[in-house]
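These notes are about the structure you will find just below.
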């Protein structure tokens, strides 16, 4: 044992070889204990202790004179202390600053020493004494100014003058590496450099005035200053408060008056901010901020990302039938930037193509090459989808007049009141209650038309494209007031330096926004910020307007096409590449009645009433369908489509489709009251809470994108550092959504998607059950448990295997007929979680409160501080891998760890309050010893040992110097006892975090609270039925049927424990994912079959691989409840019994439940399922 009683080695045996190997004990003290079993009459042993001197250092061989002549940075770092009295000798400050600056630039020093010098310089310059150094004069160009300083010719002037260039060069080098995912964070050197530049306020100086070049630095400076101000409760930057005020005004009701209560740190302290963010994160709904076609479908053009929906080839130069699209019988097709969307007659929406930024809406950023259902809105009847041909965000309009949006969200173009991207459709809440009849999406802005003929726009406001008489971005839909009094019937939004067009029912076309190349159609290149008429189109009967990239199109009811704007690539179809500044009729279509037209980024396609298709413009991807890649100057007939009677056309960025059809194709809600559990918020007005929430949300928007530039591991106020961002403070006031976006971005970027599952592993559950029946562990230290077996197999797993989005391994249970399509994997995870908490493994212990049956966290577990052997450390690493897998795959674990454990895993230090949470008697016991008024003799009579009980109840000797507590050493005892209990889990936590780091970006966990980390790993401890209902689909029964209603009523009556058992029965898991998004498109399928006869004699069946519940058609609710409860309580293990096929009467099941019919039914189910079901995901 070492000096603190940690067991270093255990030796036993009768052979010399059992004892003779060398053993090294760190520290300056060792202890030993010898135990004999009494099996022999005599014994003897001997060991020899040798003190080990440190290895010779590099300077030990030099002479004294050489050593004294070499500067020692190690000595300097030890001696330099900023607590020295600078006030008594201010003259030392400039010289000290110059010396530190010189060290920072000395190439002979190690990088760590140079960064230390920069950090100390930061600290010095931000003290009141450092303010005497005039940074502006140091940056002065004249030599006279430099000489006027007391720092004449000093290294500090050189450092400050060279800092902008050094910072720029370092950023240009590192930024592509970080953005490309090769590095998680910027280098420590860059972090110190950018922090110093921020402290010196270089962003306010002319050297960093170039807008675009230094925009990243200004964002960093704002984020850093706001974060430090909130951490220290100091005044917030005025610019930041002005931006928040702008957001507040967007949400203010007409009757509201602007106040600044939300800016006050007296009203909003740390406790208030944390509770407010908790409220929003845990109850987000309280803060809500807003007919089938038929025939062949032909596609051609750019297809590198599968945007043509199943057609083979990366560049398709001629129209090619697409069976996958045709089977959908779409009523609308529309393309975006390498994407394609299809709306079917039954209101379903499908997407295919490039998935970057979540633009497909199917969840995540994965590209797909076949039409994929947007499952998150499959219960919503979609009637139209809008996306610009160069657009990376989309809108969808439901039959109820609601608008959904998803994709990239810069400039607020999704309309959700923020700039946060969505990878699944989300309703625009501020349009609820307004009946929307039409939608349009541009490259950076969006628009919609209401049933009343009003026009709303939102997104990027530059050049006045939103029509609000300004250039401000709008994060939510805003009424275009200039068009009130006119009834809008059509709208189109452009991309790039964009324009907006609309059509009113008085036969007038309006345009506004950027005017380059004459694309506004009024004869010049001037832009405008409010709608203005295009006089030359008035009265021509325009029925449709479109916007391409820097050009505009209008179609009249007589079938005439007008184009204007930028003319290169022959996108206008006038036979030249001249820009056209007023609408001009396309002469190549003279005599043809065009009935449909679509614009790509640089090309156009239209079809006539005769079913002919014409194309013109750019053709570098074969998007014109003539078999070449040569541009076409004027409309040309697509010969391959002659006789096809096409009456519909669509375009994407550089891909085209044509087909025939049989048919023509408010302000944020405020909660009524503050929930009771948020006691710190009870006295604050609701409006002030909303405004403060906007402030904190804006902080998250600023801070989260800059996370890679901050030191996530530097402690707040660490000695010698400058102003630091305190993550223990920030993690509680950053909005979860922003943090998770940053976290998920890394997870998605490192996801391995080229296989369905990881390695196949064999697990023996039968031997574990036998070990249980004997009342012992499943082998030594639980190594024969399912957990232990998996832990032993992890060494054979490659790094890529741990980065899969679904099954990290495939299970084969020895002696069991389990074909793992996902259910076996889930079952193995459930078994592991159960073993961790039932004593089969030595890693977890119940809390002291749990052992004593008093206090909080009685049903929770801690890491065992006694589990320190190498086998235990390896097991803790595997536990960390499991936690990481749960986060990466969105598959929650059923683990009841105490909150202090989650805090430590998130990188937070324990506090005395945390100790009391799990051991309520510990602190009162120490206080009794500390405050006891007994005399010295009385204290000695108590004979209190100098030990402290560990979390597992073992007495730990705190010092070899003392054996008992006395009046003289009791303060030392209290200090050592608290220190031990605060750090007794450090080794175990480090091992678990090491395992997690193999799967997820552990440094980013510094952004999350312990509760948030627990939720990421374990899901919500509650099982909300509304979430389960939202992903439920039905086969063989209607959602409104009595049987369905009985089922949900029984589920409502279940306790949380019973709901957990139900989930294990039907899915192999015990918790639901946190959100619909975390279901990853997986539906809960309820299938009712008539083959069970009589139905009341049969139990429900489940297919955990497919999240499928099969129900007989029970006669009443009571029977359903009885059978379901029996199944979830007594049929937990999958495929080990034929429990679902045995009639309760004791007779064998009916013939149609035989294996053959069962397999046949499973095949029929899989045949019409999504790919996820087919692969078992």
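Placement of Cβ uses the backbone N, Cα and C atoms for every residue, glycine included.
All TrEMBL annotations are machine predictions without curation.
Predicted, not measured: the structure shown is a model, and the values here were computed from it.
Annotation source TrEMBL lists active site, glycyl thioester intermediate at 1105. The compositional bias 'Acidic residues' annotation in TrEMBL covers 1149-1163. What TrEMBL records for 1145-1177 is region 'Disordered'. Look at TrEMBL and you will find 295-346, 347-400, 401-452, 453-504, 507-558, 559-610, 611-662 tagged as repeat 'RCC1'.
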For the repeat 'RCC1' (347-400), residues assigned helix / strand / coil by DSSP: 6 helix, 22 strand, 26 coil
Among the ranges 401-452, 453-504, 507-558, 559-610, 611-662, the one whose Cβ pairs under 8 Å to the repeat 'RCC1' (295-346) are most numerous: 611-662
Counts of helix, strand and coil residues, the repeat 'RCC1' (295-346), according to DSSP: 4 helix, 26 strand, 22 coil
Number of helical, extended and coil residues in the repeat 'RCC1' (453-504), per DSSP: 6 helix, 23 strand, 23 coil
DSSP-assigned states of the repeat 'RCC1' (611-662) in counts, ordered helix, strand, coil: 3 helix, 20 strand, 29 coil
Per-state residue totals over the repeat 'RCC1' (401-452) - DSSP helix, strand, coil: 6 helix, 23 strand, 23 coil
DSSP three-state assignment (helix, strand or coil) for the residue listed as 'active site, glycyl thioester intermediate': coil
